[in-house]
Amino acid sequence: MVKICCIGAGYVGGPTMAVIALKCAKIVVTVVDISSQRINAWNSDHLPIYEPGLDEVVKQCRGKNLFFSTDVEKHVSEADIVFVSVNTPTKTHGLGAGKAADLTYWESAARMIADVSKSDKIVVEKSTVPVKTAEAIERILTHNKKGINFTILSNPEFLAEGTAIQDLFNPDRVLIGGRETPEGQKAILTLKEVYANWVPVEKILCTNLWSAELSKLAANAFLAQRISSVNAMSALCEATGADVSQVSHSVGTDSRIGSKFLNASVGFGGSCFQKDILNLVYICECNGLPEVANYWKQVIKVNDYQKTRFVNRVVSSMFNTISTKKIAILGFAFKKDTGDTRDTPAIDVCKGLLGDKAKLSIYDPQVTEDQITKDLSMRKFDKDHPAHLQPPSPTSIKQVSVVWDAYEAVKDAHGICILTEWDEFKKLDYKKVYDSMQKPAFIFDGRNVVDVKKAREIGFIVYSIGKPLDPWLKDMPSVVILWHFSVHSCIPSYLKILICRPALMSSGPQWLTAAGAITIAADRGEAAQQNLHSGTIQFHGGCGAIAAERSEKSKMPSYLKPVGAAAIVAKRQLGPNEHA
């Protein structure tokens, strides 16, 4: 009887092995992990992860041909096929910090496999790893165990949390990569026969090792790219009065594009997208492809921008201050039907709101208070993250309460931020919600789950990603000043992006509050010749405030002169003696 052992009892290893056990009754499957707490949970009625349908699969197989154990060495030693499904986080220090994959756990697993093996084995990469990882693993295995043959395969997972069991039952494809040698091809056939117990043969794709490893990174990068693309369009929709849902539908009906992953949101999250794109960026840089690396960086930059933009919209809409105001956070997981909070947009949004001294009341049906507190206390590895999204102080964490009822979360709140598309949020009694809140009552829908028309009829001021703006929001336009400068520019970094709330100014040029919009573009020194009305311009938005005194005869201060090109985007009404 074939024996399979999987190292790692997490979101990938547990469900994948459970389905293999269910579909392959003649194969004994053991999932091992060094965490006794996690293994105990897998052996209980309360599994360590939430995934629709997983409970039923585990119950059918556990104790028959599916086992969970902390005796890692024993089961690895006895196995014919060893899957490695350990964490491969982004490095936080040293060479490649913030981008490269940290293969510490993978290397440790490989050395352990070599130490305990007494017979030939097929070792399968299930974790997402950089291209050429298999080559490094081969060297570790062969140099640490003479006389035993190890064959490395790449079998990346393509699961979507929330639908993982269905994805395993009916996969779009199963990808197996191996060496183009007799031994490699034989190993591919062995694993192919396992999946062929329920997956149509035509859906089992066989490639070389490097293609399989890169395909996983490429797949996640392409999916994240689509999300950032539609989110970029959502910002333009808000600026022009278009509806991102209508735009997405129009675009998605093109058979060359398709409709999947075109839902605008507050941003993507999960354990894979950002991590894998950063890994891809690092690989490109290491291979002398800076232009390709910069292309993929933009996917993450747009995602960060979307979260920052959402926070700024909340603050600016609520009179430019949320200090001591209660804001209800509905949803903390990165998507519905999972309790996974890894890289969830909710973390950055909450940190941004806490940075403006808000009080948060958080509700998610599958995320514990301990997990939320841990996430909000955690420091980001990404050094390029916006400063106001860095970890809040212990004092601000005290401004967070976690509740187990949506109606309790919204009670006496000034605003609601919907950050996860749980179905129950569509079914809430929003009249009841409105009656329990402070007035004016705001909804900031980061997932487009609320019926905007009905909510506004109730009395809510509604902001929905990519939708035509509420009249309230139109009356309080944001003026964004973007400085695009060369590497030699002397402009301080904090002046790169300033968010201005002209409707709230106590003083300032009237042209900043006008409804018309024009773009003033100046190149290099020409920017210094622009004349503005005298008065004080006050810039807000958590980036600090600056004041610039201008008269008709004065010239632009030296610190505002960009060496490269400068662009000023402002809502401006031209006076009789003005010109652009």
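Cβ from N, Cα, C; glycine included.
Annotation source TrEMBL lists active site, nucleophile at Cys272. Cys272 (active site, nucleophile) falls outside any helix or strand according to DSSP and counts as coil. Taking all protein chains in view, 26 other C-beta atoms sit within 10 angstroms of the C-beta of Cys272 (active site, nucleophile).
Within 10 Å of the Cβ of Asp33 (NAD(+) binding site) there are 23 other Cβ atoms, across all protein chains. If you look up TrEMBL, you'll see 8-13, Asp33, Arg38, 86-90, 127-128, Glu161, 272-275, Arg342 marked as NAD(+) binding site.
What TrEMBL lists as domain 'UDP-glucose/GDP-mannose dehydrogenase C-terminal' is 328-452.
Break the domain 'UDP-glucose/GDP-mannose dehydrogenase C-terminal' (328-452) down by DSSP state and the numbers are 42 helix, 19 strand, 64 coil.
Least packed by the Cβ count within 10 Å, out of the binding-site residues Asn87, Thr90, Gln274, is Asn87.
Cβ-based neighbour count (10 Å, all protein chains) for Glu161 (NAD(+) binding site) stands at 24. It is 11 Å from the Cα atom of Glu161 (NAD(+) binding site) to that of Cys272 (active site, nucleophile).
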